[in-house]
Amino acid sequence: MNLQQRLRKYLIMGSQNCQRDPVVILEEAIAGGITAFQFREKGPNALETEEKLELGLKLRQLCRKHHVMFIVNDDSVLVEPLEADGIHVGQNDVDVEQLRSTFPEKIIGLSVSSEAEVRKSAIDVVDYLGAGPVFGTSTKIDAKAPVGTEWITKVRAMYPNMPLVGIGGITAQNSRSVLEAGADGVSVISAVTQADDVSRVVERL
Ligand code: 3NM
């Protein structure tokens, strides 16, 4: 599988997004067919230090067993201990050029929400882009205003060959519009972590 294919169904999750055991939710999501996972322990009620590492190791192990790509969100310190395939950062996190020199071989993902953000970012050193929030989301407290599927189309036009995922408010009902706008995949938190039937929702994405 190339990176585009690996990004097709990309679950992002931390314990703060779960009302059940995150390990069980990840197992169900893997059974449903996710192709990538991002460990994002961030925001209110997120775990820290040893507890964060401990949960990360469990989730990492599951991903390894099932050949699901494992990315860590914005935590350079955890990349090596978790043997992550890569790291995803936002505009206010570590600079991607710095990350690239620290991790020459890792996959680096970057979030972009506007043309201004694209212009000020070293897009040439990243492996994939996350574009959003496509739709309204209440999962990320500091999320920007929704940019719509138009933003996906714009980023695709700017970077015809860049692996690209949409993020923010994506559900089984609207995921098709994100792919049709030009994304290689969809990244999803609440639609999966809050689902009554996790594997069914993943199948339908
Ligand atoms: N990043 P849900 S939106 C983590 O726009 C994150 O960069 C965003 O959660 C961005 O799938 C978002 O529940 C939250 O809407 C996505």
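Glycine is no exception: its Cβ is also placed from the backbone N, Cα and C atoms.
Automatic, uncurated: that is what TrEMBL annotation is.
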Among S111, S175, S177, indicate the single residue that TrEMBL lists for the 4-amino-2-methyl-5-(diphosphooxymethyl)pyrimidine site containing Q38, F39, R40, E41, K42, N73, K140.
S111
The answer for which binding-site residues (F39, E41, K42, D93, S111, K140) have a CB under 6 A from ligand 1 is S111, K140
Could you tell me which three-state DSSP class K42 (4-amino-2-methyl-5-(diphosphooxymethyl)pyrimidine binding site) falls into?
coil
Among all protein chains shown, how many Cβ atoms are found within 10 Å of the Cβ of D74 (Mg(2+) binding site), not counting that one?
18
I need the CA-to-CA distance for K140 (4-amino-2-methyl-5-(diphosphooxymethyl)pyrimidine binding site) versus D93 (Mg(2+) binding site), whole Å please.
15
For the binding-site residues R40, K42, K140, the largest set of other C-beta atoms within 10 Å encircles the C-beta of R40
I want to verify one value. Collapsing DSSP to three states, which class is N73 (4-amino-2-methyl-5-(diphosphooxymethyl)pyrimidine binding site)?
strand
